[in-house]
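Annotated features, as they stand in Swiss-Prot:
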type	residues	note
BINDING	12, 13, 14, 15, 70, 127, 131, 135, 195, 196, 197	substrate binding site
BINDING	65-70, 80-81, 86-87, 109, 144-145, 189, 199	FMN binding site
């Protein structure tokens, strides 16, 4: 490795956008999440719905990747993926999952812990056919996480399938689906001055939510 040109140990900034107090919290974590997501969208953060999805393989090796949140309500958070993907294989073995939303500009982050469950075909089909047509075709192209010789393989396959599906609706691939993450815990983090950040953890307890303030 060449000599490090950037002193990353010295890179830091103060967090000054405000704190998070217990009086700001909602009884349901999804209500606070909705407020924060709306503010992230209003601030025109790029990919405000992007979340890091953490899964674990059968050897205990954790993996992360960015995926877009496509729906949320009090039943959980929903995302879609190729069912032949690495993440799908992990979830088949171990449904425990983490989601992380990094909203750097707002000096906020949200951590979600829960369990993933496959969506019904009806739910998946409804969303699939709401996507742009080229995105529907793109879902057919990729056998996610498989090895390919070049990008040209994907581009050629896309053109082939675009011609094949030129007439009528693009069918739902059998290897494409979605997951709903039922939430067991959710942490809200707001940056604070002098590294005294505000953290609140919601945990399911006795049919409701128990809230703890955590030290930064």
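From the backbone N, Cα and C atoms, a Cβ is placed for every residue, glycine too.
Positions of the features from Swiss-Prot, shown on the structure.
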residue : record                 : contacts (Cβ under 8 Å, 6+ apart)
12      : substrate binding site : none
14      : substrate binding site : 193, 194
67      : FMN binding site       : 50, 51, 53, 79, 81, 87
70      : substrate binding site : 49, 78, 79, 80, 127, 178
109     : FMN binding site       : 100, 101, 102, 103, 189
131     : substrate binding site : 139
195     : substrate binding site : 216
197     : substrate binding site : 15, 189, 190, 191, 216
199     : FMN binding site       : 187, 188, 189, 190, 213, 214, 215, 216
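The Cβ of residue 69 (FMN binding site) lies under 8 Å from the Cβ of 49, 50, 51, 77, 78, 79, 99, 101, each on the same chain and at least six residues away in sequence. Secondary structure at residue 86 (FMN binding site), taken from DSSP and collapsed to helix, strand or coil, is helix. Look at residue 195 (substrate binding site): DSSP puts it in a helix.
Residue 80 (FMN binding site) falls within a strand segment according to DSSP.
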